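As recorded in Swiss-Prot:
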CARBOHYD  Asn5  N-linked glycosylation site
CARBOHYD  Thr7  O-linked glycosylation site
CARBOHYD  Asn26  N-linked glycosylation site
MOD_RES   Ser102  phosphoserine
TOPO_DOM  67-129  topological domain 'Cytoplasmic'
TRANSMEM  44-66  transmembrane segment
Amino acid sequence: MSLPNSTTVLPFLARLWQETAEQGGNVSGLARKSQLRDDSKLEALYILMVLGFFGFFTLGIMLSYIRSKKLEHSHDPFNVYIESDAWQEKGKAVFQARVLESFRACYVIENQAAVEQPATHLPELKPLS
């Protein structure tokens, strides 16, 4: 069967597809997919349920962590120490004391002969070659 032009091919293919679909014979993948659309709604519902469960689980962990941070006692000595600036002032004082100690530990050794007689020639060691 030969068709003379392409305009007659489209109605021929449409009629052939309708006959095949009505007979329930060998149906293309697109036709099979249209029959299973009801099941795809259940798949989407399953995915949404799983995501919702993990979202709820994550939200619960996050809220319990935030709640535990709020329950810290404000009269706890460690929290009072951190909230105050006393530790910063003490840290500055300790740093300044260490700087002063390092300056005291440094000293210069003078050669008195070189200071008293700067014009005198100092002897040098000669190599033994």
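Even glycines carry a Cβ here, placed using N, Cα and C.
Taking the topological domain 'Cytoplasmic' (67-129) as a whole, pLDDT averages 74 in the prediction. Take the CB of Ser102 (phosphoserine) and look out to 10 A: across all protein chains shown you find 9 other CB atoms.
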